[in-house]
Amino acid sequence: MSTTTTRGVAKGRATTETPQVRKRRGVRGRTLNFWLFTGPFLIGLAVFVYIPIGWSAYLSFFEARYTVTPSTFVGFDNFTYMLTNEKFTDSLVTFTVFAAFIVPVTWAFSLGLALMVHRLRFMRAFFRSVFFLPTAVSFVAASLIWKMSIFSGVRFGLANTVLSWFGIENVAWLANPNPPWYWLVIITVRLWLQAGFYMILFLAALQNIPPELYEAAAIDGAKPGWQTFWYITLPQLRATSTAVILLLLVAAYQAFDEFFNLLAKTTWGRPPLVELYYTALGENQDYGAGSAGAMILTVLICCVTMLQGKFMGFGRGEESK
Amino acid sequence: MSAMSNTNWDRRNVLRAAMGLAATGGLAACGGNTGRSGGSGEALVQYFHAYGEAGTEQAIKRYAAAYDKARVTTQWITGTNFESKLFSALLTKNAPDMFEFHPQIQMIKSGQVADLSDIMEPVKDDFNPADIASHTIDGKIWGVRMIDDPQFFYYRKSMLEDAGVEPPTTLDELVEAAAKLTTDKVKGVFLGNSITPVMNPLIWSTGANTLTDKNEIAYHTDEVAAGLKKLRTMFKDGHLLLDAPADWWDPSAITQGLVAIQWCGMWAMPVIQKALGDDVGIIPFPTSADGGKPAVTNGGWSMFVNAKSKNVDLAKEYVKWLWIDQKKYQEDWSLSYGFHIPPRTSLAESATKLKTGLPAEGVKLFNEFGHFDNPAWTQAMIVALESVIADTVRKGGDPEAALDKADKIVNRELKKLFG
C-alpha cells in the first residue's frame with residue numbers, strides 16, 4: 001500500500017522538475033552505486049591481478065635477480081633465454097603429456113562413477129559422499145601419503161607389498177625415471193582427488209535427462225546398456241562433458257603441488273609452473289627470466305583457449321546445448 | 001529505479017555506510033597479521049629450518065625467550081625447501097631479521113646479509129679457522145657459525161660381518177659391498193632418495209674440487225665422470241635404497257634395518273647409538289680415484305642478519321648475545337639434541353660427549369677428511385650438479401654430456417659473480 005503512495009509522490013515530483021535535471025541526477029546516483037558495489041572487488045582485482053601481471057610484464061624486460069625493483073633494461077634477452085632454455089621447452093612437453101593422460105582418464109573415470117552411483121537403488125547419498133570426499137583433501141597432504149606410504153620404495157610400501165605377493169621385486173616409483181613409474185603416482189593421486197567432484201557434475205547432468213527419452217528408445221527397440229548409453233546418455237551429456245573437459249584442462253595446467261612434492265631434485269617431470277617457480281624463486285631468483293616465461297605461457301594459453309572455443313563451441317550459447 | 005522516497009534514501013545511506021566500513025575494514029586487515037608487535041621496534045623474527053631431533057624447536061624458543069631486550073619470534077620452517085622459502089621471504093617486507101643458512105657469496109654481493117665483522121672480530125681466534133675463512137669475503141665476516149656438521153657413512157657392523165665384507169676404502173669396494181649386502185629384506189647402501197648428498201664427496205674423493213682457488217670449474221674431470229658411472233651401477237642394479245619414507249638426514253633407514261650402509265650426519269649419532277648400540281661404525285666417503293683421498297662433508301649452519309631489516313643493530317646484538325656470549329646455550333645446542341661439533345675452539349675442547357667412542361671418531365673424520373663450505377660455490381651451482389646426478393645416476397645419461405650442461409650454468413653464474 002505504501003509503495004503505491006510513494007510511487008505516486010515520486011511521479012508527481014518528477015513531472016514538476018525539468019526532465020534534464022532529473023536524468024543527470026539519476027545517472028550520477030547510478031554511477032556512484034556502480035562504483036560502490038563493484039569498487040571493493042575491482043580494487044582487489046587490480047591489486048592482486050592486474051598490477052602483478054603488469055609488473056611481471058615490466059620485469060620480463062629487465063635483469064632482475066634477487067630483486068623485484070630492477071634497473072638494468074635488457075630488451076628481449078629474457079625471452080630468448082627462456083625460449084632457448086631446454087628446461088622450459090621440456091616443461092611444455094611435460095604438461096602436454098600430463099594433460100593427454102589426466103584429462104581423458106578423469107573424464108572416463110568420473111563418468112563411470114556417476115553412472116554407477118546413478119543406478120544405485122539404496123545408499124546413493126552415502127556413495128555419493130564417499131566418492132566426493134577426496135575433493136576436500138589437500139594436494140600436498142595427498143601427495144605426501146602417496147609418496148611416503150602407498151608408493152614408497154621400501155618393501156613395506158603398500159604398492160610394493162602388493163607386488164611382492166606376486167613375487168615382483170620392489171620398485172622405486174619416484175626415484176627411478178626408467179621406466180617412468182612416477183607418472184602412475186602423479187596420475188593416480190590427481191585422479192583420486194578430483195574424480196569425485198566431476199562425478200557430481202555428471203550425476204546432476206544424468207538426473208536431468210528426461211526418462212521419456214529412455215522409454216521411447218526402449219519402445220523403438222534400443223537394447224539397454226551399451227546401445228542406450230551410446231545413443232541417448234552420451235549425446236545428452238555433451239554440454240557437461242565439454243565443460244568438464246575444459247575444467248580438467250585448466251586444472252591440469254595449474255598442476256603444481258603434486259609435481260613439486262613428489263619429484264625432488266629431478267630434471268624431468270616438471271610442468272611449466274614448477275619450472276617457473278624454480279626459475280623465479282629457486283636458487284637463482286631470476287625474476288626477469290621467470291616473468292618472461294610467464295608472459296610466454298600467457299600468450300600460449302590465450303591461443304589455446306581461443307582455438308578450443310572455436311573447435312568445441314564452448315560458450316556459444318544455445319548451440320552447445 | 002524510479003522511486004526516490006525518503007525511506008529508500010535512508011536504506012541506501014545505511015548501505016553505503018556499511019559498504020564503506022566493509023571496504024576500509026578490508027584494507028585495514030591487509031598487513032595486519034605479520035606476527036610482529038605494532039611499531040614498538042622491539043620485536044625480531046628469525047627463520048630456522050626444522051631440525052629433526054626432539055627438543056630442538058623448544059630449545060631455540062627457550063633461548064629466544066631468555067633475551068630481554070627484544071621479543072624474538074621463531075619461524076620453524078618445515079619441509080624440504082628451506083632455501084626457496086628463505087630466499088623468497090627475504091625479498092618481502094615480512095622478511096626475517098635473522099636467519100640461519102650457509103655462507104654463499106651471492107647473498108653478500110646482492111646486499112642481503114649484514115656485515116658482522118664488528119661482533120666477530122673480538123672472538124675470531126676462538127672459532128675454527130676454517131669456519132672463519134668460509135665466512136670471510138672481501139675482508140669482512142658475514143655470519144656467525146653455530147654448529148659444524150660432518151657427514152659420513154654409518155654402517156651396521158653385524159651386517160657387514162655376516163656378508164663377509166670389510167668396511168669399503170675405495171668406491172669400487174663400496175659398489176662391491178652394496179651388491180653383497182643387498183638381500184630381499186635389506187638394501188646395500190642409502191645415499192639419499194635423490195643421491196645428491198654424495199655429489200661433493202664424490203668430487204673430493206677423486207682428488208678434484210668444486211672450484212679452483214681462482215674460482216674456475218674444477219669438478220669436470222674424467223675421474224668424476226667415472227665415479228658417476230659407478231654410482232649408476234649401484235642404482236641400476238637395485239643395490240641402493242630408494243624412495244625411503246624418511247630421507248638421508250633422518251637415521252630411520254639404518255635404525256629400522258632397511259639398509260646396511262647409510263650416508264648421514266653427525267647430528268643423528270645419539271639416535272643411532274641408542275637404537276643400534278655397538279653395532280655401528282662410521283667411515284668417510286671412500287677414495288674414488290688414484291691420488292684421491294677419502295672425503296667428509298663439513299656442513300653446518302650459521303646465523304646471518306638481514307641487511308634490509310628495520311632493526312639491523314638489534315638483530316646483530318641478539319646474534320652476538322646468543323651465539324657469541326651465551327656459551328651455555330651454545331653448548332646445549334651443540335650437544336643436548338643431535339651431536340654437532342661446536343665451532344668455538346674453547347667449547348669443542350670442553351665437550352666431553354665428543355671425547356670418546358663413536359663421537360670421537362666423528363670428530364677425527366671431521367678434522368682429517370672434512371671439506372668446509374666454499375662461499376663461492378652458490379646455490380645455483382649446487383643445483384647444477386644436482387641435475388648432473390639426476391641425469392646420470394638416476395636417468396642413466398652420459399656423464400660427459402651432463403657435466404658439459406652443468407658447466408654452462410656454473411660458468412654463467414661465475415661470470416655474474418666474478419666478471
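Glycine too: its Cβ is placed from the backbone N, Cα and C atoms.
Predicted automatically and left uncurated, TrEMBL annotations should be read as such.
The domain 'ABC transmembrane type-1' annotation in TrEMBL covers A:92-308.
Annotated region 'Disordered' per TrEMBL: A:1-23, in sequence order.
Positions annotated as transmembrane segment by TrEMBL: A:32-53 (among others).
What TrEMBL records for A:92-113 (among others) is transmembrane segment.
Summarising the annotation, TrEMBL assigns transmembrane segment to A:125-146 (among others).
Sequence-remote contacts of a segment are chain residues at least 6 beyond its ends whose Cβ falls under 8 Å from one of its Cβ atoms, and for the transmembrane segment (A:181-206) they are 97-98, 101-102, 105-107, 109-111, 113-115, 117-118, 128, 131-135, 137, 139, 142-143, 146-147, 151, 171-174, 233, 236-237, 239-240, 243-244, 247-248, 251, 255, 258-259, 262-263, 269. The feature transmembrane segment is assigned by TrEMBL to A:181-206 (among others).
Under the heading transmembrane segment, TrEMBL lists A:237-256 (among others). Taking Cβ pairs closer than 8 Å, the transmembrane segment (A:237-256) reaches residues 95, 98-99, 102-103, 106-107, 110-111, 190, 194, 198, 201-202, 204-206, 209, 271, 273-274, 277, 301, 308, 312-314, 320-321 in its own chain, all 6 or more past its ends.
For A:287-307 (among others), the entry in TrEMBL reads transmembrane segment.
Long-range contacts of the transmembrane segment (A:287-307) within its own chain (CB-CB distance under 8 A, at least 6 residues past either end) are made by residues 53, 56-65, 67-68, 70, 74, 78-79, 81-83, 85, 88, 92, 253, 272, 275-276, 279-281.
Here the transmembrane segment (A:92-113) has Cβ contacts under 8 Å with residues 131, 183, 186-187, 190-191, 194-199, 201-202, 237, 241, 244-245, 248-249, 252-253, 255, 268-272, 300 of the same chain, all six or more residues outside its ends.
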